[in-house]
Amino acid sequence: MRSIIIASIVALAIAFSPAFERTFEPKIDYHYKFDGLVLSGLPTASSELSQSRFSARVRIQAVDDRHIHLQLVNIHMAASHLPESEQIPSLNSMEQRELSEEYKQMLKLPLRAQLRNGLIAELQFDKEDAEWSKNMKRAVVNMISFNPIAPRNEIEKIESSYDKEEQSEENTSFFTNEKTLEGDCQVAYTVIREQKKTIITKSINFDKCTERSEIAYGLRYSSECPECEKDTVLIRPQTVYTYILENEELKESEVRSLYTVNVNGQEVMKTETRSKLVLEENHSIKSHIEKVNGEKESIIYSSRWEQLVEDFFKNGDKAEFAPFEKFPLDKKMHLIKTITEQIQEVENNIPETSHFLARLVRIFRTTSTSQLKEIHETLYVKADKKIQSLMEHALAIAGTKNTIQHILVHIENEDIVPLEAAQLLKSIQETPFPSQTIAEALIKFAESRVSKNNQVVRQSAWLAAGSVVRGIVDYKNIRPLVREDKRELKEKFLRVFMQQYKDAETTYEKILALKSIGNAGLDISVNQLNEIIVDKRQLLPVRKEAIDALRLLKDTMPRKIQKVLLPIYKNRQYEPEIRMLALWRMMHTRPEESLLVQVVSQMEKETNQQVAALTHQMIRHFAKSTNPCYQRVAIVCSKVLSFTRYQPQEQMIASSYAQLPLFLQNSFSGAQFDFAAIFEKNSFLLKDLHASLDAVFGGNWNKYFAQIGFSQQHMDKYVQMALEKLESIEKESTTVVRGRRIQTGITLLKELALKMNIRARPANYNEKDAFAMVYLRYKDMDYAILPVDTQLIEKLIEKYISNGKVQFSEIRRLLNQEHEFETHHAAYFYEAIRKFPTTLGLPLIVSGKIPTVFSAEGQFSLGLEETELRLTVEARPSVAATHVYEMRMFTPLFEQGVKSVQSVRAYTPIKIQAVVGMKRNFEIVYKVVVPENQKSIISLTTRPVVFLRFPGFSKFEYIEAEERTVVVPQWQQKTQEIEKVFNFLGLEVSTRGNILNQHTLENWLLAEQDFEVSVENKYRPAEFTARLTVGQLEKTELSQIKYNKIFEKEFELEQENTESRREYFTKMVKSIQKEQGYKSVVSLRLEAPRDYTMNTEVTTVCDKQVRMCQWEVEIRRSPILEETKEWTLRSQLLVVRPEMPSSLRQLHDQPHREVQLSLTSTWGSQKKSEVTVNAQLQQSKEQKKYERNMDRHFNGMPEYELLIKAARLNQINAVAEYKLTRETEQVLARYFDLVKAYNYWTVSSRPENNENDRVVVQLTVEPMSRQYVNITMQSPIERVELKNVQVPRVYLPSIAQRSVKHLLNEASGSVCKVQKNQIRTFDDVLYNTPLTTCYSLIAKDCSEEPTFAVLSKKTEKNSEEMIIKVIRGEQEIVAQLQNEEIRVKVDGKKILSEDYSAHQIERLGESDIVIELPEGEVRFDGYTIKTQLPSYSRKNQLCGLCGNNDDESTNEFYTSDNTETKDIEEFHRSYLLKNEECEAEEERLSEKKNYRKYDERKYESEEYSFEETYDYEQENTNKKQKNQRSQKKSDLVEKTQIKEFSHRICFSVEPVAECRRRGYEAVEQQQRKVRFTCLPRHSSEARRLVKEARQGTVQLDDHKISFVHSVQVPVACVAY
């Protein structure tokens, strides 16, 4: 029975419509009053807004229950600039605006609507109705479309009504999807029912729409920033409907919509629409509304007009409809002529010039091909150069199919010069209307004759084609909610680009093809690019470019990019550059934690140090990034980095990555500078260098907003070869002799290779493959490439070098030039447009652009006369740029909106002269001339503006907008007024206006500023001259240097023989003064108008060995400001360094080992300040104690290594006596107070009464870690101490250190060490092999033209002493230890130590020599051989027991015939030179236990095991003997050991070795007795010592011994 009842009710529900559908009764004429208001302005109270009001009477006639007819009558418009009010202002309070009869008739055309469940289902318009008119009528119909019943299935409805009879009378709230004028979106209903009155409220959720008539252009350059999207929504629409029904009849309907533009979360612009529909009367129909029979359409805003315009822009005359054909050509030409005449009226560019450019762009976008041809023939041809250039650039900026085709035609006809054509193609790259036809036109042009004949044009065309294709296929679609299938288009263009790649014959052409693919950002290109990357037959620059071509896919398919690049990064078979670039690209895909864990794992076990170093730096910098778009990645990187035990090695030349993020706190704006440099062992030049700028403004992320990069392959080898060709040709006889000697040396090395069956390692590169390029990237698009290949270099050499002689005539012809130039350039730095509908049926357009015009004209001359090169440039540059950010409504009826305008103008006429001459002295003269009677101007203007334009569009004339600047008091308070005029060196400088004092992006958009700086020269030309003169090195006497006083102790009284030290010092100085000295003078003179001068002269006097130097500085300057006398500075600095000790014993016995410094300085004008500083660079007590403990009998390398450490100077003592002016003293006091405040927690001070005008300073660097500094300063009134201030690791000078050149070699080179039977290779592989009395080849240049070889053998069986033989070119050097002294033979003849330098041999200490190689050096002390080569030396062309120096530790064992083996015995035997002079010791060679390769994670402690030394000395010695480029994966550290008890704390008196706390464990330990001293736990000294002991070692020699305890001390550690 129940089911029958339910079925009956369902039938009734279907038969009858709900009550609200009968709002309009049939045959009744309803008259509603419609009022619409548009407000545009700033979101601030009491500011003026542009307001336009639309009023009409709406007639609605219900044809039947489901159809109505609607017509607008009595239409009126009014508009004014008024403050905002809550109610719609009356028509009388606003200025009346007349509508043309054509527009009125259009608006009066009727429409027919079908209602379904209260909603407008379909619309029919008159066939003559225009799109803009239809949309305005949609806005009216939209106000009567509502359905207050919640959607649910029929059974639920009936059961609900069956249970609750009065359900319809209750208040309800629900969500549903509904079509409105603004789209198909989720809406929220609230229904409140009162007695006879029902109030219905409806709001729209724009985040949940399936369809919206939204269009966007120019957004393809931004990258995704997920972290920014939630808080930085640029445009936020809000719409609320309110319906009031009485007795089921619609009495009133109101719609309010608010659209705001937000920057950094703050509203900066708004547009508001208000619509109200009020029932005035209803009566029976007296006159019927005409029936319409147009096509059925939806209520959603129609963007057909926008689509027609877009189709015209993209396809030109081939479009189906010409939307601008009603705009007559003669009126366009008249407007263009008017604009060009206005531009010509002003000599220089002004902000209006950029506005004129924007107007030209708008006009050109409406033109057809025939119209452009007419404009060209009528206006362009007759215009001057500036107007022609502006018109060309305006056509390129317009970026429509017609304008682009017009430009390409004229480039093909060679009407535009190639350089200008390339600039225009760069502008075309940024067209906001990319299309298939434009891309095809560019590709066709790139294959044309003109392009093939000019590489600059061809390059620009292909890059532009790629960028346009990106715009076509980019996922950031023109219509965001519409997804089109573009696979066919992608495949088509990919085939074109890949065919270009396949047809390429040179490296440059292949790279150009790949850059075109990269600019296109085709996701389907990943597989082809991957094939190129992994194909080792391809040249390395091509494979690297293939990786770079994946950059635009980081947002669309990050996982796919990671899937391609992660295996490449982890595969050690690939080249290091490829792996590092793969990692770099992969990191920009913002990888997840699971992937980063794999990267860190690979880093920890990485054998290539360049790859490991770059990986660590990259992850570390990403972890510290403050870029809001990388916050998730930063957190993950921090996490994975905290768990790694990898410690990067210290290298001077290593691949590196750095970031400099500059972001505003709590805002999503800022910039980030990225820097990446990739080095490789086979090149002394950088392999890759990238510097980029990322910009984030209000959450809009422009990745690679600008980038410049350099990449090269084998170019260093080719450059080296080319430079050799440029060397001067020596005399014929010398050349012949030298050539014979070199050939003899090469023959000697080749004979050695023949004896040992060494196969030459040919270079793995072809000179013709050498390639380098510099590229420029803008907005993530490759913009320009400058290739450098062998052909270019050879052409230059052929042109300027002939028969080995420089062709000076060609060089003079190149350098003697004189030109006049005039250039003009125009561009949009960006243009972005977004359009979406409003509830008034009007399109709202939010756009931004920066039209910029730059001009420069002048003369340029370059001349070479004898030894003088002269450059003169006279230029008059001017630039004008305007940033326009606007929000506007546009219809033919009117145009209204709000915009923020920022304009910059600069005009700076200038003349520059530069002269470089080399006569008696080297001289550079640089002169800047400000012309007379000319004014340089730099101005800045910002203002928010509201505007109105009636009508909005005219076919016959340009309608000027009614603008009004909005002044907001709260923003004007953030500016300051400036008005100042002063005279500077004869120039009148004027600054006037107001400028912001709080700089944020929103302040720049909303505040009114008008600031100008002008510089005027009213008299003769003002010349500013800088003259730098570098004098020749002259001989001089050193007796003029007086230095007899040594530094006296100030802080400590130490028992030492002061008299003997003074005598030693005086004797040393007198000895130096007897030698020949050298003097050089460098002067700099600055001259300015009004007889202003400044002279600086620096005189340097030094002895030949630079042991004693004196610098004198004298500066004279004309008086300025309130000075009445000449300002002068006279300073003299004298430095004397001690003699360089050659052994530890000599260091210990040397009375004077300090560096003496003396500075006297006087400066000032009327009042003089004087300072005298005596300083001494010396050793602290701790360092001296360390040196005394080292005083043992060492020889050879161990002695020298310890000597370097023992001779370090780690303390500076200085005494300054001064007489300062009060102002100077106050400034210095403020700075000192600032230092004390900054180090508040580490500084202590106490008052003292010391000598006046005297300061004593002591600075001590902790000598072990070199990361902590103690500073003590004693002033006349106090004593200040700063303890344990942490600083970056400090380099401590050593008086025993060799030259800077050798220091750099040690820090940056590759080292191989041979000791006993143990070898550590160049690539840090440690293994044992038995050395015999037969020569073994340690290292050799195994190229086809070898330069050196190093061999070694034992002097006797079971002896640790060795003999070394070095074959270096034409020389054979043999050395061995005899009677505790190294004996050397060169070509079989003994040489004395004083003759070493003539043979490029140096003696270190008493038994250590250094033999220089063509690249690098060999050190030998009789027991150990240390071969050191530059890190880039002979990669894969070295052979011998030291390996191949290729930075890979997995492929060390290549035999002499270049075959890889795992058998160390086989490897060793291949490099064994057997002859009758030696016994092969076959038993030792065959014993397998004599061969062993150590695990790379272990640290072998067998090196330099001297039992008689202290543990600390041994540990430091061992670490120094380690190859400095190894990772030091295991290490021992010295610390003071602490033992804690209940009431006391005990400290070890001497440091105790232990493993590093994290990641290491002891593998071998020994017992050691250690002395301890104890202190009460509660004592302050105990707490202080605990703190110091945790940071390093503590000196406790003067404390009482409490007990001796046996502890376990590690001998070696291993990373676990």
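Including glycine, each Cβ sits where the backbone N, Cα and C put it.
Predicted, not measured: the structure shown is a model, and the values here were computed from it.
Screening Asn282, Asn1270 against Swiss-Prot annotations picks out Asn1270 (annotated as N-linked glycosylation site). Noted from Swiss-Prot: Cys1334 is disulfide-bonded to Cys1478, selected from Cys1442, Cys1478, Cys1546. For Cys1442, the disulfide partner recorded in Swiss-Prot among Cys1109, Cys1312, Cys1574, Cys1613 is Cys1312. The DSSP secondary structure for Cys1442 (disulfide bond) is coil. Ranked by Cα separation from Cys1442 (disulfide bond), the recorded positions Asn1270, Cys1334, Cys1478 are led by Cys1334. With all protein chains in the displayed structure included, the most crowded Cβ environment within 10 Å among the disulfide-bonded residues Cys1334, Cys1442 is that of Cys1442. For the pair Cys1334 (disulfide bond) and Asn1270 (N-linked glycosylation site), the C-alpha distance works out to 56 angstrom. In the three-state DSSP scheme, Cys1334 (disulfide bond) is classed as coil.
Within its own chain, Cys1478 (disulfide bond) has Thr1332, Thr1333, Cys1334, Tyr1335, Lys1353 as residues 6 or more apart in sequence whose C-beta sits under 8 angstroms from its own.
Comparing the recorded positions Asn1270, Cys1312 on other C-beta atoms within 10 angstroms of each C-beta gives the minimum for Asn1270. Under DSSP, Cys1478 (disulfide bond) is assigned to coil, being neither helix nor strand in the three-state scheme.
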